[in-house]
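If you check TrEMBL, you get these features:
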type: BINDING; residues: B:Lys2, B:Phe3, B:Gly4, B:Gly5, B:Thr168, B:Asp169, B:Arg179; note: ATP binding site
type: BINDING; residues: B:Thr42, B:Glu69; note: substrate binding site
type: DOMAIN; residues: B:263-336; note: domain 'ACT'
type: DOMAIN; residues: B:344-410; note: domain 'ACT'
2 protein chains.
Amino acid sequence: MKFGGTSVADAARLKRAAGRIVAKREQGFRVVAVLSARGKETDRLIADALEVSPVPDPREMDMLLSTGERVSCALCAMAINDLGHRAISLTGSQAGIVTDTSHTKARILEVRADRIRSALDEDSIVLVAGFQGVSTAKDVTTLGRGGSDTTAVALAAAIGADECEIYTDVPGVFSADPRIVPDARKLDVVSFDEMLEMAASGAGVLQLRSVEYARTHGVRIHCRSSFDDSEGTRVASEDARRDQDMENPLITAVTHSRGEARVTLIGLPDSPGIAGRVTTALAASNVNIDMIIQNEPRSAGALAELSFTVPQDDVAAAQAALAPIASELGIEVDTDDAMGKVSIVGAGMKSHPGVAAKVFTVLGEHEINIEMISTSPIRISCVVPGDKVADAVKALHSAFELQGADTIRPEQPFGEFS
Amino acid sequence: MKFGGTSVADAARLKRAAGRIVAKREQGFRVVAVLSARGKETDRLIADALEVSPVPDPREMDMLLSTGERVSCALCAMAINDLGHRAISLTGSQAGIVTDTSHTKARILEVRADRIRSALDEDSIVLVAGFQGVSTAKDVTTLGRGGSDTTAVALAAAIGADECEIYTDVPGVFSADPRIVPDARKLDVVSFDEMLEMAASGAGVLQLRSVEYARTHGVRIHCRSSFDDSEGTRVASEDARRDQDMENPLITAVTHSRGEARVTLIGLPDSPGIAGRVTTALAASNVNIDMIIQNEPRSAGALAELSFTVPQDDVAAAQAALAPIASELGIEVDTDDAMGKVSIVGAGMKSHPGVAAKVFTVLGEHEINIEMISTSPIRISCVVPGDKVADAVKALHSAFELQGADTIRPEQPFGEFS
């Protein structure tokens, strides 16, 4: 069971989470729960850091931020003990989450769950501080954005959990963001592949890394609300999905993301390997490229261009990483950070041609310019002007008839991270 | 170098502490600094705990509270890195502070300073989270009240430090609490024995355990202000003291404590071993007895009494611990928690008879009832009504002519703990 920051934000919510954990235990399950830092605690710690240092040292940032989840776990363990059950909280290190040494963005190398297992054998409920681990250099590390989801899935895999329940501030995964599309439908089951594409294309409810990890290790995820007992959305293998969802619609969901930026390199020398050098430089600076498009000059004298999208937050890093190459090769670097992206995702589209055509037609009818396009067997994504994102989502959601009856309005913004 | 909570309470103070650490490094010293939790952080965490649990689980309380010092150290390390020096923060566990398993009051069993040494060898400034360690069961433990002072002294001993500087919110150790005696004198040097007696009898500036530890391991303590560069008070061996302070006055200081409670057991059976059973029961409940007095019945039919003093906070625990014995032996337990204690301390009094007589006379002249008396070769303590403590301190301080020229007023209350 993983509870996000809003689910433990205050004493009342934290006790409710404790109650849910105990209820699960009393159903006969052995429970390992992963908790995030409370509400805005991580923001508070970051603010404290920026107060003393403009560019905080990453190792120390991890030491600092890792305290937030420990506080949540200790408090929750107290609450559970008061409910007459034995609970112990473990830091990421105590839980055996061994990571590499890349601070603030560490990757999990290994999970040594011995201590968790022995605690479970002693009939204790185990609370693990999410978002963190211990590096091979014995330093505290954090897993970066969405780290607690990854912690939960990694532990579920390590201990062979029946299910990894991600309790969040929305009832599940929807056919679109209900704040944009009020009659969006809650999905009962999505496949790992669909969930990956959705997470990658802006569905904030589950974090990409955790879904990747779950697919690799076959961890069954149940994404559900921490505010009620209703069934959420299960993320499972294709087969499970097909079994449980006979109709298997053409399209499963429309996702979107704002905060995209497009970087265009103009005047590339017409020589091989440039794209490789560019992407290598960006990777070295931990800049995540999303779409990338290269157009060879057709007419003589025309300049070759390379365009790619990155999160707006990474634009500065991208420019810094590209500066040397640009000056060396006389390339002009142009950025536009008012971009958004809208995507349709659905395992069903694999077997249906013409989906792309429909997407472009619909957007065209709504006079939405498509700046870039990328596709996968189960996804079509279009980069559009940021101020057109909502229109595009609405148009596609209704064009593919995704609306459902059981409409809800989440009490929190989508996508609770950490 | 140890900095207390008020010395790192806000960004400005934390940066000042970082500056002092760097300055020390630039004088050519290798520096290990121990930090306490920021300002009221520990209180905040305790409040959070009580919000979710009336009686928080001790193990989880340690997990919770230990985060405060980690935050301070991470932030200070960031600030030092910005000043162009290398600094790393270590948790108590990473610093190799191994304790027993008695949570919230753990004792240090061993200090494995290898990691500190190697960091110093790499020319890093090492910041260690005070007040905490890791138990032999690999759980996070805290050292209890004044734990950070103990951490600092323990590390100083383990790495063979030249000196253990305790930076606090007062300029040093005084001949009396300047809030009660405005012309109290700052002491340049006090002996370990004197400091022990003073700490034990209410001088909050240095914590008893840390002084004990320092004496046992011969760690030279320099207790000084974190707000200016003035020399503070050195705590050293008798000889060092005598060398540096020729006159060696009869009395060094008047100390006091409020918050004392007296517990009296009335109607003890006239059989041996009762006091033993009582004190054993209290020790088992971690109740610290200070003075203890037993009076045998002189006249037939009179009832034997056993009185002792404990901190007011421990009265409830004491009553709980004594209940079984009391009911078994038909003993009446009477408590009075409006008590205070005033003490005079001075290595000089060993060789001077009549000091006790003078104390009693002075207090008598001021019509202050003495409820209990205890003495050591260098201390005389009197339990007096709580509302008479200030009068008693003033009377004794002037009677023994302890006032000095260099009077100060501390900007903070005496005794910064954690």
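Glycine residues also receive a Cβ, built from the backbone N, Cα and C atoms like all the rest.
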Spatial separation of B:Glu69 (substrate binding site) from B:Lys2 (ATP binding site) - C-alpha basis, Å: 12
Spatial neighbours, same chain, of B:Phe3 (ATP binding site) - Cβ under 8 Å, 6+ residues apart: B:Ala17, B:Ala33, B:Val34, B:Leu35, B:Ser36, B:Tyr167, B:Ser226
Reduced DSSP assignment, B:Gly5 (ATP binding site): helix
Mean predicted confidence [pLDDT] for the domain 'ACT' (B:263-336): 83
For the binding-site residues B:Glu69, B:Asp169, the one whose C-beta sees the most other C-beta atoms within 10 angstroms: B:Glu69
Nearest-integer angstrom distance between the alpha carbons (Cα) of B:Gly4 (ATP binding site) and B:Glu69 (substrate binding site): 10
Inter-residue Cα distance where the pair is B:Thr42 (substrate binding site) and B:Asp169 (ATP binding site), in Å: 17
B:Lys2, B:Arg179 as binding-site residues, winner by CB count within 10 A: B:Lys2
Cβ neighbours of B:Gly5 (ATP binding site) where a neighbour is any other Cβ within 10 Å: 27
Residue, out of the binding-site residues B:Thr42, B:Thr168, whose Cβ gathers the largest set of other Cβ atoms within 10 Å: B:Thr168
Counts of helix, strand and coil residues, the domain 'ACT' (B:263-336), according to DSSP: 29 helix, 23 strand, 22 coil
Largest inter-residue Cα distance among B:Lys2, B:Phe3, B:Gly4, B:Gly5, B:Thr168, B:Asp169, B:Arg179 [record-listed ATP binders, Å]: 24
For B:Gly4 (ATP binding site), the number of other Cβ atoms found within 10 Å of its own Cβ: 28
Distance, B:Thr168 (ATP binding site) to B:Glu69 (substrate binding site) (CA atoms, angstrom): 16
